[in-house]
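Trainee: Please read through the structure below; I'll follow up with questions.
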């Protein structure tokens, strides 16, 4: 209710009354004094008071705007000020009356919209000279995007890199457009796709986003919302040819936009909404309004809001922010706009406007300057009842979905045209070249056609043999009539002395001395429609692992994740390797996970990050390790013996005793005989296909995924030729391809009815089940060595993901005021999804199986898990390894019981073998309830026994019976904690009374959505139903049953144990999908996916961290020993001018300053074939031919070193120092005094892993910062080349108010801090002690492009490393505190000013190796800034934080050796974290 007017004594100041809602607002007319319509009770008092002079506030806008709900709400509140009277100029007056006749006013709120005569408003303001809330002259500029961008640039506000194309006949020099296949060049500036095309008029909302051909091409066309759509996907890929446009870099925002609404320079309200570019569907609530979520702005973003407000002189102003790679860019300024449907905003806005007007026009009242208290200052953190555990992190490694068979052909080429092609695309720099883009493949096709034409004229002996391969090359490249860029690639490798003669019957005596190229053509391997469906379904099922929301978000299970994601409390990053099928799987998964609609291309570009630059998820299949070569040779030798397997063969081939391996060998018995049978069956198959092709009925027959009989015949004929060599021996490496092909045809082309395919499948599967897993190592030691070689970067990344459990200040947070009824609104669930190929999944599983995670002799649960894994014969498509991290907030933060890890696994899609042969696991079983009063009939894991299953025969229709060791399950270990709070945010009252506390959704998924997916099982299949007792993380079975159209008998809910045996999850149902995409005669099968099985649910974070660290350390030590001899020889042979100098003697010429690049600093040099310039972010292994070296970078290194200690990853390595960058194409050997533990391979990795966390050390520095230090050379470049994440350090920095004469003292301060922090490191248990990081490399581990920076500001660069104490070991938790101190070094920011110049980009062929770790590391640092994040103080106090002090203004004398010039004084950094005005 509104308050009554103030008494006479109080009327000396203007008053503002806060309202509770809409009720009661309509009783008072606008423009009326508050007293005129108040109760008569106060009439007598009013009669005694003479009438007060009024300040008249005029509203001059179109009726649609001035009578809108937000405006009405705000004006009603504005009228509550005693001295303000509001008048609204009618539209008729504005349009038709001369300005002289307009009513006069003291204050004018006027803004432009469609049809508004801005000229008349300007004339009126000149005539009456009112106080303008929003400047009118600036509104002309806001209507032109070119002017908006110009002003933003002048104000130093970050915006995407852009160029303007003016199609103006008077200025032809501004209209230079060159359009390519995957880029445009605008007036000399090149924009690779994806890029954005915006009309220059701000009133034109037809913005187009163009996608690269590698992602599927086409464009997304955005427009003003029409009904439920805000954009539509179009296959058109060429830009518009009429009109003037702004072209700008596409910002990968993970599918969300932030809209900011300012009211004056000190108040900003922000809301997040789904990006219209994602799928174009507008999410609306029950009242039909677009769903938006209020989010909290970071300190940097508040500073941006202030700058925008002041620069455009618009008190009330809306603008759009893009949060990309942890940094914020302004992409649009809309001028006057209000928040819709936020009572708090209406209250705040009216109060600020009223106060602003009164202070300006009635200064005698001396109204204090106060802005409404920010909601984030109110610590609303509801506690949970009981000891619930909270889901904090989900890490999943997932293999791609069902694909077409992969095919490969190799040929040696020596024609000069191939060499010139190789040279043209820069192949000589690395000796290798990968061609995937359509124009590149077209060049290869042109050369092939030319050579074939020449061969027809001059047929020759040896050339005849090549003719067949050239024909095949031509036919594959011509296959679809166009190049999609995803399904074919050509690789060329340079051999200076010719390709070595292979063992396939070629003349080994011929000695080839002339240089040649090995051409490898790869095709096939595309994701099938079935694969897309599998990925989307798995994404949908994955939702059910996350906390549930209060009420149903969209009326179907899994709503918890959607609510979590929409409110920005879900920190999701999806990574995919280089391959198209992997990227499309990731996009389809994201589509299901986040309930998106439409095409995969926009989802792929915005949601999927590319991790292809550094081996995180890719592996160079052409360069096998020596261990792999040995293993393959031994495998081939054993399988070439024409005799039954004997005991010795079993020992040689299956030393691990794997159950699946032994059973496959039992099927094979004599490998050569089985290969003979397989070869005969393939011959028979090709014969049948040829016959079928002669049949007139089959002429136009279309097989699955648009394949023809001719293409199918090509596929099998090639295998027939290659499998049996000229010598009569069999090429064992073709067995996986044969199995691949026959599995594909049985599943997708079964309607052809070809004879013998079932037997071929049985035999080839038996062979493949031996060959495929054994290619990754035969003995345990080999398996582990090969596994770590494949996935060392991924292991380190997982280690980082697990250890970064603290909160991040700048991650998008839901406004606490709007999160009542939400469990711990300030917390986040971090999800990291890694989509990759078979090799990484095999390798990662080998690490867990053979790396010594647990002692199986002492841990029966792990013993059972290993037995289950041993029985798995194939890691099929969509195999998942899932790691879930829980936190128990009731435990001491440093105790081992604080964090709890679970390991789950699924072997992927159901194979084509009989269902009964599937191995059974122990079910999906997160740690179950520890309720003391639990009864046996509550279905706890320990009390399940096979007997119960037989009591319910009609409901126990599971394909996998309960494990026989059911009664022998171990009693609960102390680590199996209480039921996870992660399972639901808020338990409804009804659910808590039900046995087991399962939350039942009020309704299942609407039938419309089921129809869209075309599948019967909606969320099914993620979890094994063998055991679900006590698992509130598991999805609700009743919902599954409902989605299957089944009815649970009422009795089934009486006891939880009975619920376990309901056949709600059809584990292996095969959908004969009536999907239009599902291929041949609608009968293609989409197999369901095996549910997740729990391998272990009682691990501590410390156990897992130490295990991963140990594995990584063992590998690096082994590599170091192997490369020590190599280093010695290389070092002794160095010439005096060798690029490899000993540490501490580095002197290289000063780097010349370059002009600032047009690319934003986060811009990496471009993914090779992925779409997502969305910054990759992951650690890297240094390629042998890596063009980047590790130059000295002291300024950033101090940050990095601190971050590393905080992560617990920094270990002492003796004698570390600075290295000079290696020459291009050379690998960097060890320095003499380097630790033998550190191999060259992983040198850059630590640096990159940290780069993510370094992103925003300076985010919350006070805003009175105006003069950046201009003398520092190129620090922005590391971001541009390699770290999307360091981009924040370059850009998000407020500018310092006093110019910094010399940056040298900053180095002193930072190194002093490093020294102090290092010296404080006491003995603390280290969860990550196994990751040795050579400090010299860490400190100087930035790319070559930054090398000269050291010389600009530093005389001697080797020093920072020397100052680091020897015993450097610090645990994650204890060190997390000290980052705050660094954050307060405001001076540190000067070095990272946006105005600093940059060095040139590296060539495009070398995408930034270090680029990948960007976004996530920043998250960890931000939360360490304790003075900005009040909710962290509690946590930090438990860790005995030293009091944070302002740094002294004088330089530390101990660090003077770092700076060449000690004379320039450095102003003290301010520690005041508030904005001052």
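A Cβ is built for glycine as well, from the same backbone N, Cα and C atoms used for every other residue.
The feature substrate binding site is assigned by Swiss-Prot to 64, 65, 224, 225, 259, 273, 337, 338, 339, 340. Sequence annotations record features per position, and here Swiss-Prot assigns compositional bias 'Acidic residues' to 37-47. Residues or ranges marked as compositional bias 'Polar residues' in Swiss-Prot: 1001-1016, 1446-1460. As annotated by Swiss-Prot, compositional bias 'Low complexity' applies to 1164-1182. The phosphoserine annotation in Swiss-Prot covers 940, 983, 1033, 1069, 1141, 1148 and rests on similarity to another entry. Among the features that Swiss-Prot reports, region 'Disordered' is placed at 27-47, 910-1016, 1131-1248, 1438-1477.
Please go over these features one by one and say how buried each is and what sits next to it.
Mentor: Counting only same-chain residues six or more apart in sequence, the Cβ atoms lying under 8 angstroms from the Cβ of residue 259 (substrate binding site) belong to 270, 271, 272, 273, 292, 318, 319, 320, 321.
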Trainee: Looking only at 64, 65, 224, 225, 259, 273, 337, 338, 339, 340, the residues listed as binding substrate, what is the longest Cα to Cα distance in Å?
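Mentor: Greatest Cα-Cα span of the listed binding residues: 24 Å.
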Trainee: Around residue 339 (substrate binding site), how many other C-beta atoms are within 10 angstroms of its C-beta?
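Mentor: Within a 10 Å radius of the Cβ of residue 339 (substrate binding site) lie 22 other Cβ atoms.
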Trainee: Please report the three-state DSSP label of residue 224 (substrate binding site).
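Mentor: Looking at the DSSP assignment, residue 224 (substrate binding site) belongs to a strand.
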Trainee: Need the DSSP three-state call for residue 64 (substrate binding site) to compare against my parser.
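Mentor: Looking at the DSSP assignment, residue 64 (substrate binding site) belongs to a helix.
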Trainee: Would you identify which of the binding-site residues 64, 224 has the most other C-beta atoms lying within 10 angstroms of its C-beta?
Mentor: 64
Trainee: Based on DSSP, name the secondary structure state of residue 339 (substrate binding site): helix, strand or coil.
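Mentor: In three-state terms, residue 339 (substrate binding site) counts as coil.
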